Amino acid sequence: MMEGHILFFFLVVMVQFVTGVLANGLIVVVHAIDLIMWKKMAPLDLLLFCLATSRIILQLCILFAQLCLFSLVRHTLFEDNITFVFIINELSLWFATWLGVFYCAKIATIPHPLFLWLKMRISRLVPWLILGSVLYVIITTFIHSRETSAILKPIFISLFPKNATQVGTGHATLLSVLVLGLTLPLFIFTVAVLLLIYSLWNYSRQMRTMVGTREYSGHAHISAMLSILSFLILYLSHYMVAVLISTQVLYLGSRTFVFCLLVIGMYPSIHSIVLILGNPKLKRNAKMFIVHCKCCHCTRAWVTSRSPRLSDLPVPPTHPSANKTSCSEACIMPS
């Protein structure tokens with residue numbers, strides 16, 4: 001029997017899962033339709049498509065892991081595929097990193113030769129960055145596939161108090177390498193986001209000086225900086241939780257562990273919602289989807305209200321000649 005706070009957090013986790021799948025599913029469907037219609041995909045759309053696809057798979061894996069931890073599914077099923085979950089998680093982080101780099105290169109204005117070179121070529125580099133990330137994660141994971149599984153399984157099993165165990169000292173170095181593999185995209189993403197925030201703040205300050213404080217409000221730049229800052233906070237939170245779980249100091253049922261579950265599910269869902277709100281095309285399609293759902297609900301409610309009740313249906317005649325009545329005549333509704 002689940003405790004009260006665990007049951008509450010489990011319901012919140014399910015809400016996060018549904019929200020994240022809907023948000024990422026919208027991104028995938030919109031860009032897939034564009035690909036079918038136009039036979040091509042812009043670099044930004046390709047990044048968003050890959051990121052949303054990886055996050056849908058990641059959220060399915062997270063939900064399956066949570067079901068295992070809540071003893072709703074056998075945890076041995078998750079242990080056998082934990083290497084695949086690690087690959088999807090790292091791929092999702094790399095795609096989010098390149099998305100931050102793309103925004104930084106396209107929006108920021110930094111007078112440096114290297115940055116100007118990146119600004120001119122980032123669109124052509126996007127497919128190669130995606131392909132390189134996939135190859136890098138797959139190759140590095142499968143080179144150490146046996147050791148990776150030997151480390152990740154005890155970390156997952158240690159969440160159960162009865163099966164608590166520790167990673168052996170022989171695997172401590174490889175565990176550091178795995179954590180370092182998550183640190184590299186974090187470092188690149190942090191640098192890109194900080195450069196972008198600095199560029200937006202510098203541009204806002206220059207505009208305020210040229211136009212004047214009263215005439216320049218800067219709401220667009222402030223909202224952009226807050227949006228980018230939220231990306232960084234969510235990314236850092238996801239990384240810190242991954243490192244905290246790898247230290248094996250948590251166990252199932254603790255409030256800290258349940259909070260970590262919320263943080264893990266929060267990143268791929270809330271980040272995708274912020275991406276939709278900041279992208280005009282995705283935001284427009286999201287509004288159309290909501291309006292369509294409301295129209296379908298209103299139409300269904302109207303049809304239900306107009307449907308005749310059982311008491312309003314015509315009572316079949318009891319005369320023997322009623323058997324000769326056709327089926328079409330018997331089903332006629334009163335006007």
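Placement of Cβ uses the backbone N, Cα and C atoms for every residue, glycine included.
For 1-7 (among others), the entry in Swiss-Prot reads topological domain 'Extracellular'.
The transmembrane segment annotation in Swiss-Prot covers 8-28 (among others). Remote same-chain partners of the transmembrane segment (8-28), defined as residues 6 or more beyond its termini with a Cβ less than 8 Å from a stretch Cβ, comprise 2, 48-49, 51-53, 55-56, 59, 62-63, 66, 70, 258-259, 261-262, 265-266, 268-269, 272-273, 275-276, 282, 285-286, 289.
Taken from Swiss-Prot, the feature topological domain 'Cytoplasmic' applies to 29-43 (among others), supported by sequence analysis. For the topological domain 'Cytoplasmic' (29-43), residue counts in helix, strand and coil come to 11 helix, 0 strand, 4 coil, using DSSP.
Feature annotation from Swiss-Prot assigns transmembrane segment to 44-64 (among others); the stated evidence is sequence analysis.
Within the model, the topological domain 'Extracellular' (65-81) shows a mean pLDDT value of 61, rounded to a whole number. For 65-81 (among others), the entry in Swiss-Prot reads topological domain 'Extracellular', with the evidence type sequence analysis.
For Asn81 (among others), the entry in Swiss-Prot reads N-linked glycosylation site.
Per Swiss-Prot, the feature transmembrane segment maps to 82-102 (among others). Sequence-remote contacts of a segment are chain residues at least 6 beyond its ends whose Cβ falls under 8 Å from one of its Cβ atoms, and for the transmembrane segment (82-102) they are 43-44, 47-48, 50-51, 54-55, 57-58, 61, 65, 118, 122, 126, 129-130, 133-134, 136-138, 141, 145, 148-149, 152-153, 156, 178, 181-182, 185-186, 188-189, 192-193, 196, 231, 235, 238-239, 242, 268, 271.
According to DSSP, the secondary structure content of the topological domain 'Cytoplasmic' (103-124) in residues is 17 helix, 0 strand, 5 coil. Residues or ranges marked as topological domain 'Cytoplasmic' by Swiss-Prot: 103-124 (among others).
Within the chain carrying the transmembrane segment (125-145), a Cβ under 8 angstroms from the stretch's Cβ atoms is held by residues 43-44, 46-47, 50, 83, 86-87, 90-91, 94-95, 98, 101-102, 118, 174, 177, 181, all 6 or more beyond its ends. Among the features that Swiss-Prot reports, transmembrane segment is placed at 125-145 (among others), with the record citing sequence analysis.
Here Swiss-Prot flags 146-176 (among others) as topological domain 'Extracellular'.
Swiss-Prot lists Asn163 (among others) with the feature N-linked glycosylation site.
Proximity of distant same-chain residues to the transmembrane segment (177-197), defined by a Cβ-Cβ separation under 8 Å and at least 6 residues beyond the stretch ends, is recorded for 86, 90, 93-94, 96-97, 100-101, 103-104, 107-108, 110, 140, 144, 148, 151, 225, 228-229, 231-232, 235-236, 239, 242-243, 246. The annotation transmembrane segment is assigned in Swiss-Prot to 177-197 (among others) on the grounds of sequence analysis.
Look at Swiss-Prot and you will find 198-224 (among others) tagged as topological domain 'Cytoplasmic'.
Marked as transmembrane segment by Swiss-Prot: 225-245 (among others).
Annotation source Swiss-Prot lists topological domain 'Extracellular' at 246-256 (among others), citing sequence analysis.
Summarising the annotation, Swiss-Prot assigns transmembrane segment to 257-277 (among others) and lists sequence analysis as the type of evidence. For the transmembrane segment (257-277), the residues of the chain that approach it from at least six positions outside its boundaries are 5-6, 9, 12-13, 16-17, 19-20, 23-24, 26-27, 48, 52, 55, 58-59, 62, 66, 69, 92, 96, 159, 227, 230-231, 234-235, 237-238, 241-242, 244-245, 250-251, 283, 286, judged by C-beta separation under 8 angstroms.
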